[in-house]
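Trainee: Per Swiss-Prot, Cu cation binding site is recorded for H46, H48, H63, H120. Look at Swiss-Prot and you will find H63, H71, H80, D83 tagged as Zn(2+) binding site, backed by similarity to another entry. Marked as N-acetylalanine by Swiss-Prot: A2. Sequence annotations record features per position, and here Swiss-Prot assigns N6-acetyllysine to K122, K136. The region 'Disordered' annotation in Swiss-Prot covers 56-80.
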Amino acid sequence: MATKAVCVLKGDGPVQGTIYFELKGEKTVLVTGTIKGLAEGDHGFHVHQFGDNTQGCTSAGPHFNPESKKHGGPKDQERHVGDLGNVTAGKDGVATVYIEDSVIALSGDHSIIGRTMVVHEKPDDLGRGGNEESTKTGNAGSRLACGVIGITQ
């Protein structure tokens, strides 16, 4: 069973980063890392369905959602498995990621291994935007950078 994973984020522009995933205890996955080249502010941060980046980040498909739920925030009961909320970049364009999540997993039905991590252009409205797109994507906009999540030591 995997206890650690890593993802290298790259895109067509300057946004890049490395994200680490580590199982802590039985269910909690600690997500850490750094993303550079972002505009200042919040950016949607999600695990997408497929580990396919052949057409850039768009071929990664929708948010990872094995339970067919509506989009939500990371603390919501009603959320996609892949909904990790937002990362926040400072004036220097760097976002330091620190998320503890008990919905994603590194094995089993909620495993994110082999799926794509995506950082988006806009803030995720956490499903509270009042329109249909909000319940699917959080109105987070285009995909700035992505990478496939793989097992590591």
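Numbering starts at 1 and runs along the chain as it is shown here.
From the backbone N, Cα and C atoms, a Cβ is placed for every residue, glycine too.
Source: prediction; values computed, not measured.
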Trainee: Could you state the CA-to-CA distance between H120 (Cu cation binding site) and D83 (Zn(2+) binding site) to the nearest Å?
Mentor: 12
Trainee: Do any of A2, H71, D83, K122, K136 (recorded positions) have a CA within 10 A of H48 (Cu cation binding site), and if so which?
Mentor: D83
Trainee: Measuring CA to CA, name the entry from the binding-site residues H46, H63, H71, H80, D83 that ends up nearest K122 (N6-acetyllysine).
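Mentor: Of the binding-site residues H46, H63, H71, H80, D83, H46 has its Cα closest to that of K122 (N6-acetyllysine).
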Trainee: Could you find out if DSSP has K136 (N6-acetyllysine) as helix, strand or coil?
Mentor: helix
Trainee: Among the binding-site residues listed here (H46, H71, H80, D83), which has the Cα closest to the Cα of K136 (N6-acetyllysine)?
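Mentor: Nearest in space to K136 (N6-acetyllysine), counting only the binding-site residues, is H71.
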Trainee: Using all protein chains in view, find how many other C-beta atoms are within 10 Å of the C-beta of H71 (Zn(2+) binding site).
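Mentor: Excluding its own Cβ, H71 (Zn(2+) binding site) sees 29 Cβ atoms within 10 Å.
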Trainee: So what sits near A2 (N-acetylalanine) in its own chain, CB-to-CB under 8 Å and at least six residues off in sequence?
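Mentor: Sequence-distant Cβ neighbours: L23, L106, S107, S111, I113, I151.
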Trainee: Check each residue in the chain of H80 (Zn(2+) binding site) that is at least six apart in sequence and keep those whose C-beta is under 8 Å from its C-beta; list them in sequence order.
Mentor: H46, H63, F64, N65, K69, K70, H71, G72
Trainee: What are the sequence-distant neighbours of D83 (Zn(2+) binding site), meaning same chain, six or more residues apart, C-beta distance under 8 angstroms?
Mentor: H46, H63, H71, G72, G73, P74, D76, D124, L126, G138
Trainee: Please determine which of the recorded positions listed here (H46, H48, H120, K122, K136) has the lowest count of neighbouring CB atoms within 10 Å.
Mentor: K136
